[in-house]
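Student: Below is a structure I'd like to ask you about.
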Amino acid sequence: MSNSNIAVAIDGPAASGKSTVAKTLAKRLGLIMVNTGAMYRAVAWATIQHGVDPADSAAVINLLDRVDFTCGVENNLSTVLVDGVDLGDALRQDAVNSRVSKVAAISEVRELLVSMQRDYLELGSVVMEGRDIGSVVFPNTPFKMYIDASEEVRRKRRAAEGIIDDPTARDKEDSKRKSSPLVIAEGAVVIDSSEMDVEQVVQAALTVLRERGASEELLAKAN
Ligand SMILES: Nc1ncnc2c1ncn2[C@@H]1O[C@H](COP(=O)(O)OP(=O)(O)O)[C@@H](O)[C@H]1O
Ligand SMILES: Nc1ccn([C@@H]2O[C@H](COP(=O)(O)OP(=O)(O)O)[C@@H](O)[C@H]2O)c(=O)n1
């Protein structure tokens with residue numbers, strides 16, 4: 001890593017609880033929380049906006065040159081602007097859910113977004129969540145976790161949010177891609193959150209940081 005900022009990498013399948021834990025951990029430790037799924041969702045959203053078939057790689061790659069994707073931070077949370085607009089909850093809509101795996105399978109899309117994700121470390125220490133953070137974005141960080149939960153629990157958690165999305169169906173579609181599929185990164189600690197509440201998962205994550213040598217100064221903030 002280029003400076004003393006640290007990266008906490010949190011990966012796992014859809015609706016396993018990654019964003020919830022990443023947000024809580026980042027808030028307690030005063031770190032920037034980066035939601036990388038929102039960036040892939042932003043590209044999927046742009047394909048809708050511009051009438052581009054998300055399965056047409058050449059057309060999606062061409063779109064990357066025509067649309068401006070800007071990542072930033074607001075209140076210690078990552079933001080993504082598409083041609084200057086923060087899309088907020090529109091990124092969680094059904095049409096985005098059904099397109100996002102297709103754009104995420106395109107290597108050029110991943111290269112652009114991975115480079116924007118790495119740039120966050122210039123701004124400060126981060127808790128970053130996604131599918132390939134420990135394996136591709138920050139393979140050298142010691143702070144790696146894979147948050148899992150059973151299919152049944154994940155379906156129930158997403159349904160409780162009132163969102164039309166079958167997280168396990170999207171995972172199956174994601175698993176078909178050749179570049180950067182979801183894997184348990186080398187050295188990642190697996191936390192099965194099926195039977196845990198949010199606080200228990202956060203405590204398990206803090207234990208990983210402690211055991212992997214995070215500074216006392218950082219850990220003291222969590223108390
Ligand atoms: N340990 C947990 N116990 C119960 N519900 C949880 C837990 N972690 C997350 N949730 C809930 O499950 C849903 C999905 O969590 P989220 O953090 O969005 O998952 P992901 O980022 O992995 O897709 C949210 O409604 C969240 O409040
Ligand atoms: N690092 C990442 C993050 C998300 N993604 C893609 O983006 C989609 C949406 O990610 P997300 O994190 O918003 O999804 P949820 O886990 O919230 O359902 C995933 O299904 C993947 O197709 C990815 O390929 N790599």
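A Cβ is built for glycine as well, from the same backbone N, Cα and C atoms used for every other residue.
Reproduced below are the annotations present in TrEMBL:
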{"type": "DOMAIN", "residues": "8-209", "note": "domain 'Cytidylate kinase'"}
{"type": "BINDING", "residues": "G12, P13, A14, A15, S16, G17, K18, S19, T20", "note": "ATP binding site"}
{"type": "REGION", "residues": "158-179", "note": "region 'Disordered'"}
{"type": "COMPBIAS", "residues": "167-177", "note": "compositional bias 'Basic and acidic residues'"}
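On this model, are these features tucked inside or out on the surface, and what's nearby?
Tutor: Just so you know, the Cβ of S16 (ATP binding site) picks up 27 other Cβ atoms within 10 Å once every protein chain is counted. Secondary structure from DSSP puts S16 (ATP binding site) in coil.
Counting same-chain residues at least six beyond the ends of the region 'Disordered' (158-179), those with a Cβ under 8 angstroms from any Cβ of the stretch are 13-15, 92, 94, 97, 100-102, 104-105, 107, 110, 131, 151.
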Student: Check the binding-site residues G12, A14, S16, T20 for any whose Cβ is under 6 angstroms from an atom of ligand 2, and report them in sequence order.
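Tutor: The qualifying binding-site residues are A14.
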Student: Would you list the other residues of this chain near ATP - those whose C-beta lies within 8 angstroms of the C-beta centroid of G12, P13, A14, A15, S16, G17, K18, S19, T20 - in sequence order?
Tutor: E129, I147, A149, R154, R157, P167
Student: Would you say which of the binding-site residues A14, K18, T20 has the most Cβ atoms within 10 Å of its own Cβ?
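Tutor: Counting every other Cβ within 10 Å of each candidate, the maximum falls on K18.
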Student: If one looks at the chain holding G12 (ATP binding site), which residues at least 6 apart in sequence have a CB under 8 angstroms from its CB?
Tutor: K18, E129, R131, M145, Y146, I147, D148, A149, L182
